[in-house]
Amino acid sequence: MAHPSSALAPAPVPGHTFSGTLGYHLARRLVEIGVSDVFSVPGDFNLTLLDHLIDEPGLNLIGCCNELNAGYAADGYARAKGVGACVVTFTVGGLSVLNAIAGAYSENLPIICIVGGPNSNDYGTSRILHHTIGLPDFTQELRCFQTVTCVQAVVNNLDDALEQIDTAISTAMKESKPAYINISCNLYGIPHPTFTREPVPFFLAPKVSSYLGLEAAVEATAEFLNKAVKPVIIGGPKLRVAKAQKAFIELADASGYPLAVMPSGKGLVPEHHPHFIGTYWGAVSTSFCVEIVESADAYVFVGPIFNDLSSVGYSLLIKKEKSIVVQPNRVTIGNGPSLGWVLMADFLSALSKKLKKNSTALENYRRIFYPPGMPLMREKDEPLRVNVLFKHIQNMLGGDSAVIAETGDSWFNCQRLCLPENCGYEFQMQYGSIGWSVGATLGYAQAARDKRVIACIGDGSFQVTAQDISTMIRCGQRNIIFLINNGGYTVEVQIHDGPYNVIKNWDYTGLVNAIHNGEGKCWTAKVRTEDELTAAIATATGEQKDSLCFIEIFVHKDDTSKELLEWAPRVSAATGRPPKPQ
């Protein structure tokens, strides 16, 4: 029997089988906000929705090996394109992707997480459905998503479906956080008068600063900084969500202050800028950067996140009374006023016009700086060292490349890389979920087709999410993956060692060759010496430049970065603090 509204349905759009339906509307909205690729795992509650997504010429549906990796791929995609999307099935898929969505929430990434839900007729009944925990309560998944998404929509009625979908998508874009949209599986293809054959164009009204608040914040900050002798600027990860990178550079150019970046902000601040002095990360900062920042009499932190990891176990020598903290919509000046509804980009741009040029701290940096030493000369056939590996990775970087750094010692080794202009860089410092980089590499590479992604992944992390190497090959990606085989969870060993940090060794190249199975372009190599590394990189960037290249690097289990050895005891001390006396 036809749905009652079918008589009012609009005529189909040429080339679209499902125009005028919920599925068509959702697909068009995804294209409008900038999504070209959707990462999915099919399940019986979402199968016909996937048909609608496939029918949309502007969308490419990418099937992933599991929901967790689909979520990580949407995360990586959002980093490169500004928004990502994934589609999973009810509860078993939703709870599997949940960890990735939580990570995206912590990193301020808008991801549209779409779940194929139960038939609308089953709501309000006592029926027990498969893929649930065996109770006639369909809200378990929703409750889990409520704390890791900025908006939730359960669509089980066509009359308000359009409003719910558009509200969820627009909220995710405005808040720069994930959205959860659960749609009943029997609604995707039913025509309804609210779904026009061409949706009303999507529009987000721009945010505007409070004029009085902006003026007061700029005046107070300019007075504060113009009295300082050697002020500095430090960029943080929230530069991305505030879309303030251009205004940040405008401030750096106008002020003459030295320019540093917090570790989680790497890639958001141009390292080729003449005022750039490196990464500020407390005791594990770039050489000479920490001395300049912590000896300053005023520091402007733009979009910072101060957590136990970025503060090296709360050991930063920063004084609040000397700080200006600029968040996406608030400015706090020392121990004084905190002014809200002042947008970061507006503030930085206006402040740059009020500051006196002051290059004192930058001149101090140039006086004390000297280039880092090179690794010691090696002996013939000496086992490869990690610092030698990253010397070669440094030489691979250009404006047409991007670096993905997995949680672990790759954080510290990649942090030392000097990024050329337009070179991408991503890692997940706030959430720090091991295995994130495999899915993120898939998603980032799919979004940034003009770049070759270089991923640095430890063996322990790779074992969590290895399967979607398969999807990279299937998509024809040209990523270069350096698998660092040191026999376990090196970062955990330095924090607190135990037998649980030793993992079963795999034949990693053998695994990737088995996944490749002769379909698509994939090349692997095992590397134990610098000569073998040089040859492998030459092949990966030469005759195999159009292939996915997987290079397994064998290093000693205790070969770690100097920074990890300094950072881990401080973080361990912070996490191991005894309870306060009652």
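Placed from the backbone N, Cα and C atoms, the Cβ positions cover glycine too.
TrEMBL entries are annotated by machine, without manual review.
Residue counts of the domain 'Thiamine pyrophosphate enzyme N-terminal TPP-binding' (22-130) by helix, strand and coil are 53 helix, 21 strand, 35 coil (DSSP-based). Per TrEMBL, the feature domain 'Thiamine pyrophosphate enzyme N-terminal TPP-binding' maps to 22-130.
Here TrEMBL flags 218-336 as domain 'Thiamine pyrophosphate enzyme central'.
According to DSSP, the domain 'Thiamine pyrophosphate enzyme TPP-binding' (428-553) comprises 58 helix, 28 strand, 40 coil. For 428-553, the entry in TrEMBL reads domain 'Thiamine pyrophosphate enzyme TPP-binding'.
Sequence annotations record features per position, and here TrEMBL assigns Mg(2+) binding site to Asp459, Asn486, Gly488. Under a cutoff of 8 A between CB atoms, and with a sequence separation of 6+ in the same chain, the neighbours of Asp459 (Mg(2+) binding site) are Leu483, Ile484, Asn485, Asn486, Gly487, Gly488, Ile503, Asn505, Trp506, Tyr508.
Cβ neighbours within 10 Å of Gly488 (Mg(2+) binding site), excluding its own Cβ and spanning all shown chains: 20. Summarised by DSSP class, the composition of the domain 'Thiamine pyrophosphate enzyme central' (218-336) is 39 helix, 24 strand, 56 coil. What surrounds the Mg(2+) site, by Cβ distance within 8 Å of the Cβ centroid and not counting Asp459, Asn486, Gly488, is the set Gly458, Gly460, Ile484, Asn485, Gly487, Tyr489, Thr490, Ile503, Lys557 from the same chain.
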